[in-house]
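Peer 1: Once you've had a glance at the structure underneath, I'll fire off some questions.
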Amino acid sequence: MISSSSCMFFLVFAFFLISPVRSSDVEALLSLKSSIDPSNSIPWRGTDPCNWEGVKKCMKGRVSKLVLENLNLSGSLNGKSLNQLDQLRVLSFKGNSLSGSIPNLSGLVNLKSLYLNDNNFSGEFPESLTSLHRLKTVVLSRNRFSGKIPSSLLRLSRLYTFYVQDNLFSGSIPPLNQATLRFFNVSNNQLSGHIPPTQALNRFNESSFTDNIALCGDQIQNSCNDTTGITSTPSAKPAIPVAKTRSRTKLIGIISGSICGGILILLLTFLLICLLWRRKRSKSKREERRSKRVAESKEAKTAETEEGTSDQKNKRFSWEKESEEGSVGTLVFLGRDITVVRYTMDDLLKASAETLGRGTLGSTYKAVMESGFIITVKRLKDAGFPRMDEFKRHIEILGRLKHPNLVPLRAYFQAKEECLLVYDYFPNGSLFSLIHGSKVSGSGKPLHWTSCLKIAEDLAMGLVYIHQNPGLTHGNLKSSNVLLGPDFESCLTDYGLSDLHDPYSIEDTSAASLFYKAPECRDLRKASTQPADVYSFGVLLLELLTGRTSFKDLVHKYGSDISTWVRAVREEETEVSEELNASEEKLQALLTIATACVAVKPENRPAMREVLKMVKDARAEAALFSFNSSDHSPGRWSDTIQSLPREDHMSI
């Protein structure tokens, strides 16, 4: 009888002769299978490993995507076998019963996405992962990992998703500050200390940090102080008992600290009394309040552009509550939704403010009320509208618009010289930040075609709903006016506000905003139209496909060659060159839609309802293609955002 080792030798030798995949990959796969598949759950048969279950993609004769999910695998990972697969881009063992520690994976130099969630892995965080400089996605949730989360994660400059929830990690959170970081969850561990107030970690709300031992920080509305015993240094170590010979020094230090602390408390109390007196005095003097408004207005003119953000947090709103004649303005809620949280103008005036952006129509703020409730407030630039009744009617029309792909307008405030619009707050950011990150240069990553189709369908449905109202348009469609909802659906904001803009204003429009507009509407004195919205939709679709913002008139520049330009950009920017060949039909469908929308003549553009039908047809064909190819694996970096359902996305 031939031994099992002899069979393995002959099998590997046969693959070396006839397989298009390099023999080392074949040997590595078979060795890996022997360590994690004792029940033979993986039916690897045939002569071409690229057709084996779980081998989702091969590039130039090398395995680049291995996805072995929910196959009842057990045992532990073989580091030697895995490191031989050095061309892997995606590796997933999600939803099995694998155990043990993670071996050294420093040989996977091309790895971009690692999914080890929902297993029984234990041990410390695999330090070798921090040397994989191309790594973007790390998902280790729902295992038994322990120890500290290493600060060496800062070396992963492309880190996009970091999920380690439901483990036993302890210590502090490292000060991650990658501009690319968009998804983060460390909840349900044993972490403690100060959550680092980095720009990257400040994006995430309390749900990313809940159920830990003793975390504190602005993100979870739990301030750090001496009484909690929590220090503000991420690398802080437990206190070491002081020897008896040094007890006197310690006592002197305690006494000195108490005296200094007492003096500091007295100074703070005095300062607080002064501030309260000044605030009371300012309320009684109208001119002092008006001077603050003027100062804020001047500041706005020198601030960043509409995609920029301000770090001037926790400032109080200084808008007026009364008009010059003394008539009190009113905060009016729109609609009759009893589930909407109600608040007063006084609550709004006491809210702390963070500038989210400044645009041609006004400034947008994140307002955090004393109760902790968060809203978005848009302060319109041209506060003195000559026809207030007309303004009120228009806003009430917008307030009646209710659709899953529209950011709801909840309330408005009007006085003679002040107009505010109140929207729901969307913490997941904008489509602009999704594509371009923190860059303002307008150059970002093209999204995968599945993501483009999902976003396009969301936006098309929102626009069709708006266009059902005769004469109503969005009027200012661009990626910064698309927000990501709680389920990462794309939602339109700032819709219908272009009619409120003063057409004779000398305020300049940025180039990026200008070239989203149809040629016939670039003269701001001309009213926006529904065909112009279709044109803007086409430009936005080109931005999704190329990652390039419209700082130039791309349609005029490339004309009939725009499809060639899009393909060239995607071939240059996408890291897997075979993507275009694998999805040519899908890309062509998107290009057909985009080029139809950006027709120079308005009468040649399809109606938004026709555009929606084209997008839905393309998505249906794409879904059929995905089903037939059995490719349900974790996607590229952009797929993890839009193409996955919310429950899958947040639970990986």
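Every residue gets a Cβ built from N, Cα and C, even glycine.
Pulled these features from Swiss-Prot for this protein:
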- Leu356, Gly357, Arg358, Gly359, Thr360, Leu361, Gly362, Ser363, Thr364, Lys378: ATP binding site (BINDING)
- 350-624: domain 'Protein kinase' (DOMAIN)
- Asn72: N-linked glycosylation site (CARBOHYD)
- Asn104: N-linked glycosylation site (CARBOHYD)
- Asn120: N-linked glycosylation site (CARBOHYD)
- Asn185: N-linked glycosylation site (CARBOHYD)
- Asn205: N-linked glycosylation site (CARBOHYD)
- Asn225: N-linked glycosylation site (CARBOHYD)
- 134-156: repeat 'LRR 4' (REPEAT)
- 158-178: repeat 'LRR 5' (REPEAT)
- 179-203: repeat 'LRR 6' (REPEAT)
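Help me picture these features in the structure, burial and contacts included.
Peer 2: Within 10 Å of the Cβ of Arg358 (ATP binding site) there are 21 other Cβ atoms, across all protein chains.
Over the domain 'Protein kinase' (350-624) the predicted model carries a mean pLDDT of 80.
Around the Cβ of Asn72 (N-linked glycosylation site), the number of neighbouring Cβ atoms within 10 Å comes to 11.
In sequence order, Gly79, Asn83, Pro126, Ser128 are the residues near Asn104 (N-linked glycosylation site), counting only same-chain partners six or more apart with C-beta under 8 A.
The C-beta environment of Asn120 (N-linked glycosylation site), restricted to residues of the same chain at least 6 apart in sequence and closer than 8 Å, consists of Ser97, Leu98, Ser99, Asn143, Arg144.
According to DSSP, Asn205 (N-linked glycosylation site) sits in a coil region rather than a helix or strand. When other Cβ atoms within 10 Å of the Cβ of Asn205 (N-linked glycosylation site) are tallied across all protein chains shown, the result is 14.
Using a 10 Å radius centred on the Cβ of Asn225 (N-linked glycosylation site) and all shown protein chains, the other Cβ atoms total 10.
Same-chain residues lying 6+ beyond the ends of the repeat 'LRR 4' (134-156) with a Cβ under 8 Å from its Cβ atoms: 94, 109-125, 127, 162-178, 180, 185-186, 191, 234-235, 634, 637, 640, 651-652.
The residues of the repeat 'LRR 5' (158-178), classed with DSSP into helix (H, G, I), strand (E, B) and coil, number 0 helix, 7 strand, 14 coil.
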Peer 1: Sort the binding-site residues Leu356, Arg358, Thr360, Gly362, Thr364 by C-alpha distance from Asn225 (N-linked glycosylation site) and give me just the closest.
Peer 2: Leu356
Peer 1: Which of the three DSSP-derived classes (helix, strand, coil) applies to Asn120 (N-linked glycosylation site)?
Peer 2: strand
Peer 1: When the Cα-Cα distance from Thr360 (ATP binding site) is computed for each of the glycosylation sites Asn72, Asn185, Asn205, which gives the smallest value?
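Peer 2: Closest by Cα distance to Thr360 (ATP binding site) among the glycosylation sites Asn72, Asn185, Asn205: Asn205.
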Peer 1: How do the residues of the repeat 'LRR 4' (134-156) split into helix, strand and coil according to DSSP?
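Peer 2: Per DSSP, the residues of the repeat 'LRR 4' (134-156) fall into 5 helix, 8 strand, 10 coil.
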Peer 1: Whole-number Å distance between the CA of Asn205 (N-linked glycosylation site) and the CA of Leu356 (ATP binding site)?
Peer 2: 16
Peer 1: Write down the Cα-Cα distance for Leu356 (ATP binding site) and Asn72 (N-linked glycosylation site), rounded and given in Å.
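Peer 2: Cα-Cα distance, Asn72 (N-linked glycosylation site) to Leu356 (ATP binding site): 47 Å.
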Peer 1: For ATP, with binders Leu356, Gly357, Arg358, Gly359, Thr360, Leu361, Gly362, Ser363, Thr364, Lys378, what's the maximum Cα separation in whole Å?
Peer 2: 14
